[in-house]
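**Q** Below, the features straight out of TrEMBL:
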type	residues	note
DOMAIN	B:5-209	domain 'Glutamine amidotransferase'
ACT_SITE	B:CYS82	active site, nucleophile
ACT_SITE	B:HIS193	active site
ACT_SITE	B:GLU195	active site
Amino acid sequence: MTLAKRIIPCLDVDRGRVVKGINFVGIRDAGDPVEIARRYNEQNADEITFLDITASHEGRGTTLEMVSHIAGEVFIPLTVGGGIRTCDDIRALLNAGADKISINTTAVTNPDFVYEASQRFGSQCIVVAIDAKQVSAPGEPLKWEIFTHGGRNTTGLDAVEWARRMVDYGAGEILLTSMDRDGTRQGFNLEMTRAISDAVTVPVIASGGVGSLDDLVAGVKEGGADAVLAASIFHFGEHTVEDAKRHMAAQGIEVRL
Amino acid sequence: MTIAVIDYGMGNLHSVAKALEHVGEERVTITRDPRAIKGATRVVLPGQGAIRDCMSELERAELKGLVNTLLADGDKPFLGICVGQQMLMTRSEENGGVRCLNYLPGSVKHFATDMTDADGQRLKVPHMGWNRVDQTHMHPLWEGIPAGERFYFVHSYFVAAEQHADVFGTTTYGHHTAHIATGRDAVFAVQFHPEKSAAAGLKLLANFVEWSP
């Protein structure tokens, strides 16, 4: 078994600029997505994920330009998510050079869209992003449900069943974010990651809550994740992607060094 | 001096075109015009999605005959990528069985879905991510690429060639040994995505651009 576990830095972009403080040593303008993507590529990132938080429709053109620039320079898989509603949105991003498209809210409001998109573009480029929170009380059997709108809106959908359904509809990969861990730096929700990774045949990317390199190790070893995604531990120069890989390799995890 | 990336409506051709532009001086054109393909110095056949769709779209674009001719002539450097590798085989078991271009004898099979790794964790299908490639035969396209280098894969089906001499590289996943690099004469084909495989992938594409078989 030599398939490497993947490490994926994630960037928030607004109108083609990276937002949410990035602080690499040696980069003066921290918001330049091409520069940042280049830096992560040099650090041996296995993929890069961009979450487009641009509110206005007009602003989306600049995101396409950004993807196009990066795709001309950084030759590793690029995933783009955020606000994907139509097959035209997907086509435009693929044409700009994105390799995978992450569908989040629209998968919940219109699950058939996942089917349509995977039929049209192939499952290999359709990632379904699942934002879930634990809803079971202490002592009860563990249960997680899907939330939308940044964790504010509940849907009542069971996360494990939902993940299975999305794979049936053609999702080629699941990006699983624990909304109660996101931003806490307390580590992934390992029970949820394990439950979903065991429930589906496709790869699962663990996300939400990474505060240390040991959290990445736990995501793979305890959570059973095929890939781990993190933002802040890389952005602030605390750790490089290379550091993370060496740490994981030292714990016996297969990585691409 | 032009590299033609064949556009028959299947998959994302922009990444491969950008990577080829990045590594060489030759003009890269994404095209379905038979004259442009015939006139090119090199040809790339990409492919994504279901193989039945790839085969039928190639036919619908009226390019199947031309691709067969290019393969049979064997004088123009030709690179197949992903489903573009699989299509060169005799048949695929995907979509209930699909007849392919039959350039190389062999078939395309599905990974077993019940495989686990040494720790007992389930091996996911698609086989997605960076895996090691064993270079089983020397080839100009492997020039300068270390043995066991990792490349980026995304696939659920893999090539099983019948003739040892046609296999240039293998990758192990579970109990399968996938023939992830195959070729003959001026044809080379890979299951992984060189355009997404960082420095190693770019090196392979640079070798292709310089290859004079």
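Glycine is treated like the rest: Cβ placed from N, Cα and C.
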**Q** Quick one: pull the CA-CA distance for B:GLU195 (active site) versus B:CYS82 (active site, nucleophile), whole Å only.
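**A** Distance between the two Cα atoms comes out at 11 Å.
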**Q** What number of additional C-beta atoms lies within 10 angstroms of the C-beta atom of B:HIS193 (active site)?
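**A** Other Cβ atoms found within 10 Å: 26.
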**Q** Inside 10 Å of the Cβ of B:GLU195 (active site), count up the other Cβ atoms and send me the figure.
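**A** I count 31 other Cβ atoms within 10 Å of it.
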**Q** Can you count the other CB atoms that lie within 10 A of the CB of B:CYS82 (active site, nucleophile)?
**A** 28
**Q** Translate the DSSP assignment of B:GLU195 (active site) into the three-state scheme.
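**A** Note: B:GLU195 (active site) is helical by DSSP.
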**Q** Looking only at the domain 'Glutamine amidotransferase' (B:5-209), what is the model's average confidence as pLDDT?
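**A** In the predicted model, the domain 'Glutamine amidotransferase' (B:5-209) has a mean pLDDT of 95.
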